[in-house]
Amino acid sequence: MAFSDLTSRTVHLYDNWIKDADPRVEDWLLMSSPLPQTILLGFYVYFVTSLGPKLMENRKPFELKKAMITYNFFIVLFSVYMCYEFVMSGWGIGYSFRCDIVDYSRSPTALRMARTCWLYYFSKFIELLDTIFFVLRKKNSQVTFLHVFHHTIMPWTWWFGVKFAAGGLGTFHALLNTAVHVVMYSYYGLSALGPAYQKYLWWKKYLTSLQLVQFVIVAIHISQFFFMEDCKYQFPVFACIIMSYSFMFLLLFLHFWYRAYTKGQRLPKTVKNGTCKNKDN
């Protein structure tokens, strides 16, 4: 009886919570419930931390050079497209970069922003291949807590962003992240091409700095919300989450920077058989 009562209360709470969801995205892939993505991400964590390494234990590493070249440059092009769409659906045509609320209308611009948010969300599932490539190539030392946590938490939390607030000030970090990914995955793609391209990769050391700057800019932007008395942004909880994430990842990447560069405990060279070692964002 107690379990049945708890279940009914849980269902009631879920129904009350989900009624505020954006009806425009209800029928989009993976958007009906958080359960499918939770199962997918749970299996991802299990595969990259346990099942995958066990399956590869007595096997030779896969040679995935062509696959990684194709994948990395695909992400570059996809990121360019998403960045452009974020600009053309709000950030370059009317957003103030301060208190930008979500437009829930079905106007072409509002729907374009919602679709771009979903594309960004879906891109995070594509990027799970980063870790799967590590596992298949037996580069298990690269499957770090920072890497797996980042690749898991981003799509999971972005489901809620798309479901409830596909637009507005909560999407600025996505715009910035797509721009950063253009640079990062360009580097990864060039690295995968082999040693002949090493002379063009002198800017490797600036990648972590770029990531750190990204988190600082996101924190500065979202912090404005807490100092604007009349901002009508519909989901303040997302502003709190974004602020928390920006500081959390800033600290994690600062720790990485300190360990890899300041203390001299640098990770192995970036390119070896066409892979990038420091792929944590």
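Quick reminder: no glycine exception, Cβ is built from N, Cα and C everywhere.
Just so it is clear, the model here is predicted, and its values are computed rather than measured.
Features reported for this protein in Swiss-Prot:
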- Lys124, Arg137, Lys139, Gln142, His147, Tyr187, Lys204, Thr208, Gln211, Arg266: 3-oxoeicosanoyl-CoA binding site (BINDING)
- Cys99-Cys231: disulfide bond (DISULFID)
- Ala2: N-acetylalanine (MOD_RES)
- 147-151: motif 'HxxHH motif' (MOTIF)
- 277-281: motif 'Di-lysine motif' (MOTIF)
- 49-72: topological domain 'Cytoplasmic' (TOPO_DOM)
- 137-142: topological domain 'Cytoplasmic' (TOPO_DOM)
- 195-206: topological domain 'Cytoplasmic' (TOPO_DOM)
- 258-281: topological domain 'Cytoplasmic' (TOPO_DOM)
- 28-48: transmembrane segment (TRANSMEM)
- 73-93: transmembrane segment (TRANSMEM)
- 116-136: transmembrane segment (TRANSMEM)
- 143-162: transmembrane segment (TRANSMEM)
- 172-194: transmembrane segment (TRANSMEM)
- 207-227: transmembrane segment (TRANSMEM)
- 237-257: transmembrane segment (TRANSMEM)
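Known features from Swiss-Prot, placed on the structure.
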residue: Cys99; record: disulfide bond; CB count, 10 Å: 15
residue: Lys124; record: 3-oxoeicosanoyl-CoA binding site; CB count, 10 Å: 22
residue: Lys139; record: 3-oxoeicosanoyl-CoA binding site; CB count, 10 Å: 18
residue: His147; record: 3-oxoeicosanoyl-CoA binding site; CB count, 10 Å: 18
residue: Lys204; record: 3-oxoeicosanoyl-CoA binding site; CB count, 10 Å: 16
residue: Gln211; record: 3-oxoeicosanoyl-CoA binding site; CB count, 10 Å: 22
residue: Cys231; record: disulfide bond; CB count, 10 Å: 16
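In three-state terms derived from DSSP, Cys99 (disulfide bond) belongs to neither a helical nor a strand segment and is classed as coil. With DSSP states grouped into helix (H, G, I), strand (E, B) and coil, the topological domain 'Cytoplasmic' (137-142) comes out at 3 helix, 0 strand, 3 coil. Cα of Cys99 (disulfide bond) to Cα of His147 (3-oxoeicosanoyl-CoA binding site): a span of 32 Å. A contact between the transmembrane segment (237-257) and the transmembrane segment (143-162) is present, since 3 or more of their C-beta pairs, 6 or more residues apart, lie under 8 Å. With a threshold of 8 Å between CB atoms, the same-chain residues lying at least 6 positions outside the transmembrane segment (73-93) that come near it are 100, 109-110, 112-113, 115-116, 119-120, 123, 126-127, 167-168, 171-172, 174-175, 178-179, 181-182, 185-186, 189. Mapped onto DSSP classes, the topological domain 'Cytoplasmic' (195-206) shows 11 helix, 0 strand, 1 coil. Among the recorded stretches 28-48, 116-136, 207-227, the one sharing the largest number of Cβ pairs closer than 8 Å with the transmembrane segment (143-162) is 116-136. Considering only the binding-site residues Lys124, Lys139, His147, Lys204, Cys231 (disulfide bond) has Lys124 as its nearest partner by CA-CA distance.
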